[in-house]
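Colleague: The structure is given below, and queries will be raised subsequently.
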Amino acid sequence: MPITNSFFSTNMRIKFPVLALLLEVVIIVLFAIFVRYEERDFRTDLYPHFQDVHVMIFVGFGFLMTFLKKYGFTSVGINLLIAALGLQWGILLQGFWHMASNEIRIGIANMINADFSTAVVLISFGAVLGRTSPVQMLIMAIFEITIFACNEHLVVEVLKATDVGASMTIHAFGAYFGLAVARVLYRPGLSKGHENEGSVYHSDLFAMIGTLFLWLFWPSFNSAIAEKGEPQQRAIINTYLSLAASTLTAFAFSVLMEPRGKLDMVHIQNATLAGGVAVGSCADLNILPLGAMIIGSIAGIVSVAGFKYLTPRLASVLKIQDTCGVHNLHGLPGILGGIASIIAAAAQVNKQISAGLQAAALGCSIGIALVGGALTGLLINLPFLGQPPDQNCYDDSVYWEVPTEEVPHTTHHLYQEVQRKLSVEELKE
Amino acid sequence: MPITNSFFSTNMRIKFPVLALLLEVVIIVLFAIFVRYEERDFRTDLYPHFQDVHVMIFVGFGFLMTFLKKYGFTSVGINLLIAALGLQWGILLQGFWHMASNEIRIGIANMINADFSTAVVLISFGAVLGRTSPVQMLIMAIFEITIFACNEHLVVEVLKATDVGASMTIHAFGAYFGLAVARVLYRPGLSKGHENEGSVYHSDLFAMIGTLFLWLFWPSFNSAIAEKGEPQQRAIINTYLSLAASTLTAFAFSVLMEPRGKLDMVHIQNATLAGGVAVGSCADLNILPLGAMIIGSIAGIVSVAGFKYLTPRLASVLKIQDTCGVHNLHGLPGILGGIASIIAAAAQVNKQISAGLQAAALGCSIGIALVGGALTGLLINLPFLGQPPDQNCYDDSVYWEVPTEEVPHTTHHLYQEVQRKLSVEELKE
Amino acid sequence: MPITNSFFSTNMRIKFPVLALLLEVVIIVLFAIFVRYEERDFRTDLYPHFQDVHVMIFVGFGFLMTFLKKYGFTSVGINLLIAALGLQWGILLQGFWHMASNEIRIGIANMINADFSTAVVLISFGAVLGRTSPVQMLIMAIFEITIFACNEHLVVEVLKATDVGASMTIHAFGAYFGLAVARVLYRPGLSKGHENEGSVYHSDLFAMIGTLFLWLFWPSFNSAIAEKGEPQQRAIINTYLSLAASTLTAFAFSVLMEPRGKLDMVHIQNATLAGGVAVGSCADLNILPLGAMIIGSIAGIVSVAGFKYLTPRLASVLKIQDTCGVHNLHGLPGILGGIASIIAAAAQVNKQISAGLQAAALGCSIGIALVGGALTGLLINLPFLGQPPDQNCYDDSVYWEVPTEEVPHTTHHLYQEVQRKLSVEELKE
């Protein structure tokens, strides 16, 4: 890749720092005007929950995406950047909906919600991973969190729908937002795949760090904003059981759907988590342990099937390239979560929940995500935002200084031997 | 390896999904009949403890076993599978001993105990790692947890022995169960070792992720089910100190027992943890900080010595191949923990504890483990359960789609040059 | 490297175990005399905070240093050794300042402080990483923690300065102590750099594990010993925001200061954490969210600039080789933290804090660190402590059994082909 400083190049020397610093200054000014410490409701009891969610956002999402052989720096590094920006922006945008005397009072609960808001962007990031620049991702973060905060307000405050683990407002929203962006950024040049779009042995192990920390702390994610007492305890137990069940079915269907009868790391890294997504909307409801396990079992199957049959067709038919398969981990299980909450409402597990409003919440989350994602996609598709050319996709070295791997000793030795041999023979000739 | 679908092949296309799904269905049915939410004793104060134990089971055990160069997918993946199955089965089997009006009431405490029950299987998994199929491991999990729950009931409820950190009921039990299975599955073909049975540089670093998270959260493991207040605080402090002491002696003896005076990663990954195992049985007792450190110091030494002198002899003399050296990390330190509790009882640190009953608990844990392991070994030795042939042991590619490592650029270039050269010369000849 | 057993060699067969075991015995004797369990003030509410700090010390610091291509075993392994020794010694040395009736009462709070005291040594370890032996590090740990405990007593009890997150007493102290040691151990032979002093792709990813766990749990570090209620909540929020802001500015300046306009992993791994260090001294004060973000923003910039411009000059002009750049992560941001606390005192955010005493605390922390480090450097520079020769620096294999990487299949195949070819031709000749 030629390094040029032209306006349309991938070189970030000027545009990236200017944008990042500008955003930070704007945020600090807004914090100066609006944000003060919470002084009454400390909720320090939530601090362990917060820390679990915090690990999911930065280690979980970050490492989950390191499966690509040459894209680990971006996965874990730009994940950190997006989340660090997003949590500041999230505190403001979520806070604007709950201001008292023009002040946003920030405590542990706000930090949990701010971390949640970054999850939405990180899910969308997974859809377009490898084909976008950090500059594009900063812009996407700002717009997506803004739209997310509006949809969340609509779902929770206006529709009064239940979505304690955010199957609809975070997972389905983030997935369909990201897929809409991916549709706009479609690259025909990558329709046959790309040599960098795959894993190596150790990159798959790094990704499992992400998978496991997501898997482990998902009960905290789904219970963090649940009502104390029985509802919070149910959210923990239901998520724990749903994940366990989805792990069993994901393993089973990974083997079943593979003609050679082997496990596929993509499924294990992702579909084992589908149970956590799908149980989200009704995690705190009295769906019985049994109910959680059925939801989880179905989610694991749906997710593996999505990877196997849907992702290739999304790319070929709908022209939606989905690098991490977020549709299978967040989109489908998110819809499943919404449906489960509709059924739970219809079955009257809780009389305050309405099946119609749950359906409305699911519909508007997906609808707003698709429209918002398409518009955001159009914006970040502007040619001067540093998108990598097709041949440099899925390659950290466009945006990062990457260490040159040294030739191993044996190979080096061999190389010299061949060189010697070749020169000898060229002499002979 | 030829891929065939014959009844006796390693191909898992049918047998693995059928077994996994069948187990999940049976479990869901049993949950439907028996399991309800705990509605009285929430113990949400235990949730941080639970999460620490949870990390130990999935990240700790999972990554600890990734030290093998070509077996990381199985280590961390099948670890997840076993634990996800085991925790569901554990809730049922442990619950059956404590039913009230035919119901199992599940809360945070049950989740901790369910995670504990998976630890037993994961320890045994370490003994036979690389020489067994996922189908065999699912069956082993079911039987081992069943037998474990009975032994635990016997030790805790019948003998009323003290074993708060489960040196005897989990560590010694899991180790000797696994070794008995390994004895039955003995492979003479591997008596000279196997080229895959070793680490590479980065696989040893992945394993250290496991070591550290086990090391860090062991105080939570040993104190999770301790009585609130002083006993729980003692369990935390004693484990913290015992681990620190065993780390010092493990490092010292690793160097001392190595003629070249160098540290051995196997010892650092494992023997530094021996202090956590050995202090388990009497972690909550008033053994003084001093007592904990003496137990830990001895455990570190015994564990390194076990790796150095005992493991090779177990293999050659007793025909017990122990891949991860679980005998040195869980077996010997588990016995040491039992002995420490006998001494503590004899020294009357707590008048409710009887030296005789502690000895009985240690004896029956090991005895039941050996018999149960041998019987389970006979069962999973049935020829149609997909065991890998000797030459494919310690190799993920038998059961996993494994990415083909690309030839590095220099080597590839070299390869082409040699190919060109060879063809030129063949033309000349 | 020839393996010899001479008194001055790097072989650790005798000197390392003797020293480690001697220290452990001395510590156990001192524990026997002085240390008992805390029986009144349990502070089990601090246990989650403790566990977060615990993860930072062992996983955070340990993996952060694995960025070197051939030094991961030492980074994560000797980090564990130093911390395991240090926490035992720290309990004693910190305890001696707070004895009642000649007894040290140990509870969760002491464990947090003991972990803190190990951080000091681990920071200094980062400065001399790759150029020292484990024997030297054990000795440094003993002396540094002793001097640290005295300085901490002076700052906190005598000067009554505020330093809740220990910007001055831990970060600045650890950095300048380490730099003084590095000055004494200066190696002119490495002034042109060393071929092993760099990263490979996956070693940089391992280091990000360390970065992220430090980043995530820094709010726990800065709030662990804060007063319950508002101060503790402020310490959490301020650190969360300061880190987020420093991440944005670190990313921006990493790109801005790099002529090719690319991100540098060294900055991302380190400078993103500078906000956590710099906000430490006044984390619990009412500096407003705004104040925390300004401190963090400046810290990110200062830290990147330090890596870019200061570290090379420290090495060439002041003859201080700083392997991990601890001056930029802990030194400069530590001073910044001290200055921030002076400003906060001058601005009267809390009437009990005096600007003059804060300045005195900063001055004495740096002064005592420099003198203590220089003296300790002279001591561990004694020629029989196993320092590696220049050519073996930054290489695990001096002190560890390191697995030989196998030649990949393709290369091996190629090698054989070339061998065959060569023999054929030699026959022809």
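Backbone N, Cα and C define each Cβ position, glycine as well.
These figures come from a predicted structure and were not determined experimentally.
Quick paste from TrEMBL:
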DOMAIN    B:44-384  domain 'Ammonium transporter AmtB-like'
TRANSMEM  B:16-37  transmembrane segment
TRANSMEM  B:49-68  transmembrane segment
TRANSMEM  B:80-100  transmembrane segment
TRANSMEM  B:106-130  transmembrane segment
TRANSMEM  B:168-186  transmembrane segment
TRANSMEM  B:198-217  transmembrane segment
TRANSMEM  B:237-257  transmembrane segment
TRANSMEM  B:287-310  transmembrane segment
TRANSMEM  B:330-347  transmembrane segment
TRANSMEM  B:359-380  transmembrane segment
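What does the local environment look like for each feature on the list?
Modeller: Mean per-residue pLDDT, taken over the domain 'Ammonium transporter AmtB-like' (B:44-384), amounts to 97.
Listed by sequence, the residues of this chain that lie at least six past the ends of the transmembrane segment (B:49-68) yet keep a Cβ under 8 A from its Cβ atoms are 75-76, 79-80, 83, 108, 111-112, 115-116, 118-119, 122-123, 125-126, 129-130, 196-199, 203-204, 206-207, 209-211, 213-214, 217-218, 220-221, 223-224, 265-266, 269-270, 323-324, 394.
Through the fold, the transmembrane segment (B:80-100) approaches residues 20, 23-24, 27, 30-31, 34-35, 57-58, 61-62, 106, 110-111, 113-118, 121-122, 125, 134, 137-138, 141-142, 145-146, 148-149, 152-153, 157 of its own chain, all at least 6 residues removed from its boundaries and within a Cβ separation under 8 Å.
Within its own chain, the transmembrane segment (B:106-130) is flanked in space by residues 35-38, 41-44, 46-47, 49-50, 53-54, 56-57, 61, 64-65, 68, 71, 74-75, 78-79, 82-83, 86-91, 93-95, 137, 140-141, 144-145, 148-149, 166, 170-171, 173-175, 177-179, 181-182, 185, 194, 196-197, 224-225, 321-327, 330, 373, 393-395, which lie at least six positions past its ends and keep a Cβ under 8 Å from the stretch.
Same-chain neighbours of the transmembrane segment (B:168-186): 116, 119-128, 131-132, 140, 144, 147-148, 151-152, 155-156, 161, 277, 280-281, 314, 318-322, 326-327, 329-331, 333-335, 337-338, 341, 361-362, 365-366, 368-374, 376-378, 380-381, 387, counting only residues six or more beyond its ends whose CB sits under 8 Å from a CB of the stretch.
Note on the transmembrane segment (B:237-257): residues 165, 215, 218-219, 221-223, 263-264, 267-268, 271-276, 278-280, 282-284, 287, 289, 291-301, 303-305, 308 of its chain, located 6 or more positions outside it, place their CB under 8 angstroms from a CB of the stretch.
Same-chain residues lying 6 or more positions outside the transmembrane segment (B:287-310) and placing a CB less than 8 Å from one of its CB atoms are 237-239, 241-250, 252-254, 257, 264, 266-267, 270-272, 274-275, 277-279, 325, 327-329, 331-333, 336-337, 340, 344, 349.
Sequence-distant contacts of the transmembrane segment (B:330-347) (same chain, six or more residues past either end, CB-CB distance under 8 Å): 123, 161-163, 165, 167-168, 170-176, 179, 274-275, 277-282, 285, 287, 291, 295, 298-299, 302-303, 306, 310, 353-355, 357-359, 361-362, 365-366.
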